[in-house]
Number of protein chains: 2
Amino acid sequence: MKSVALVTEYNPFHNGHLYHAQQSKSITNSDISIAIMSGNFVMRGQPAIYNKFTRAKMALRAVDLVVELPAYASVSAGQYFAKTAVQIADYLNVSHLSFGSESGNMDDFLSLAQSIDKIEQSPLFLEKLKEGKSYPRILSELITDNDLLSSPNNTLGLSYVRAIQTYAPSIQPWTISRFQSAHHDNEISHQTFASGTSIRQSLMNQTDLWKDVVPCEIHKHYERPHISIEDTFNYLKYAILSQDATSLAQIYTMSEGIENRILQTIEQATSFEHLMTLLKTKRYTYTHIQRLLMNILLNFKKHDEPASINAVRILGMSERGQQYLKQIKKSFPERNFVTQVNKQNANLFTNEIHATKIYNLISGQTANDFNTPVIRI
Amino acid sequence: MKSVALVTEYNPFHNGHLYHAQQSKSITNSDISIAIMSGNFVMRGQPAIYNKFTRAKMALRAVDLVVELPAYASVSAGQYFAKTAVQIADYLNVSHLSFGSESGNMDDFLSLAQSIDKIEQSPLFLEKLKEGKSYPRILSELITDNDLLSSPNNTLGLSYVRAIQTYAPSIQPWTISRFQSAHHDNEISHQTFASGTSIRQSLMNQTDLWKDVVPCEIHKHYERPHISIEDTFNYLKYAILSQDATSLAQIYTMSEGIENRILQTIEQATSFEHLMTLLKTKRYTYTHIQRLLMNILLNFKKHDEPASINAVRILGMSERGQQYLKQIKKSFPERNFVTQVNKQNANLFTNEIHATKIYNLISGQTANDFNTPVIRI
């Protein structure tokens, strides 16, 4: 069976995702589509609006298999995020990986990836690296004639392509043009498609706008509570107040003394948004800081970053997805595909189980990795 | 000037405290009374109903000087609590230390202290110790003809007497009979005196009963918010969920694997009271567990237990108290009496400053050790 992987958040699922999943399956001529979905915390550095079990239910409207992207990667920036997603895709033995992009032109990605490979080996690149410049900055200085990198989904797509070339060259990358709505649009203005941001806003504000851009068969899953970043604030504040600089410095992605800045500002902060305003500097993007704060909340440590994929957590599956799973289990009997977390296999998903516990605490929910069986349709 | 120390919590201050302070001063013929008061967390293992600044204001109705009992000791059991209080009293060069007791007879305490000294050196005592029996249990087995130890304030009083004999023999202990109301009475039933428990209950339930048993000049300080142990629960749950057994085992007073029991039960606990029900065993008293949970909340570690008194924090003072302070500063120029915490001296009160931050987080208050000057009347 041919299979196509989609790296997703579904935060929450909407028509744009449905379109991408359907197009990916048909264009790559795949029998199976697999969503590699972030768990309870997502790349923007926030808790997902719905927990991963609910979002897996939504996802099964469009895909055959929903598996969990490990928690460290879910809240990570492009490169580690892409590398982990590709490794998961490879572990699942997929033939294609399809991503949405502003460009929509696969050749553009392949040729840019090639250029970057060359650039990375140039003396000029190493020189700039020694000057202490950041990787993205060097790229933007050395690649001036390519506007692919100016759009966020293109950049992420490029990370997938390069990760595939490095870690799983047997996977064929594919890109599909993102339809109409830009990723960050705040208001739903199109009839059938809208961005995740605008849909979350409609749900939070309890307007009905989201209903037009979400497949109606799954409307029933879009129920309160709607979890937002502000729900994390008191716990985050407690976590920061309970640590000293040495301990904070151990947190995943903490760098260059920003722990001191956090410790200096936390006491006066009255909300997450306020804290972000107090912390923002030119040095870091808003998202980088927000992800860092989620790593504090989740108590993710530098030395605990997972080095390899030892198991894949299956969150949901159609009958066809289940068949596919049986097939790859047969081909790769040594691989772990876990549909039910229990005491025996819990050590394979320590971080994900922990993230769920914290998500439940901040959201007052109870569905956890032990009491929630794989979702079947 | 002669001075008498009172070890107090004032949680909150009431007529019984006023009576004890006045009697102590007059019977010991002292010019100055000094309350060594617990900070924002108290011996029963809970946050104080009002913060330490408000309680210091209340205290100045009765005493000349209010100083803070260090945070580790405030949430500790009898012996370390008493030792620290006595060391603070000694640092303040007091002539007397006066405590309330059910007995009210100083000779009883002195002779029991003497008996215990002897018992501790007996072969039988060492034998029972080797059998693994706890210290209080051995005492109760070896001292069968003395009912002093059956009342909580007598037991605490005995700890003061023994700590004085060991650490500050120049201090003269004195005891005053506790007036009428038993310490744990839940309902206010007497006209002028009542227990702290019943007063807190009246305040929480917003009845007016407390007004009869609190000096009316300080009624204005008994304002909401009224902080209770349940206000700590979500943070405590987060703190426990964020740690593994190895890390929890480092917490002050954690012993004999109870960290595993805590980790096993925390996820299902829905309130502090519920958690206590889940944790309670015959092995530990309710209070021991509650104090342990406060140590988790405050992230107090075994290896951070303060070994000596390097400074005393002054929370409030009358003019007479201020004069006394000047006098002892002159006699002991090397001692630190701090009326205003700032960046330079903050390292002397790390734990107390931290406890205040956590107290403010759980209670939504803002008065902290830096922005609140010493209270003067």
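From the backbone N, Cα and C atoms, a Cβ is placed for every residue, glycine too.
The following features are taken from Swiss-Prot:
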- A:7-20, A:G100, A:N153, A:R178: ATP binding site (BINDING)
Nonlocal residues around A:F13 (ATP binding site), in sequence order (Cβ under 8 Å, 6 or more apart): A:R55, A:M58, A:A59, A:R61, A:A62, A:V214, A:P215, A:I218
A:F13 (ATP binding site) - helix vs strand vs coil (DSSP): coil
Helix, strand or coil at A:Y19 (ATP binding site) [DSSP, three-state]: helix
CB within-chain contacts under 8 A for A:V7 (ATP binding site), separation at least 6: A:I36, A:L69, A:A82, A:A85, A:A89, A:L97, A:F99, A:Y160
Neighbour tally for A:Y19 (ATP binding site), based on other Cβ positions within 10 Å of its Cβ: 18
Those binding-site residues listed as A:Y10, A:G16, A:N153, and which of them has the most Cβ atoms within 10 Å of its own Cβ: A:Y10
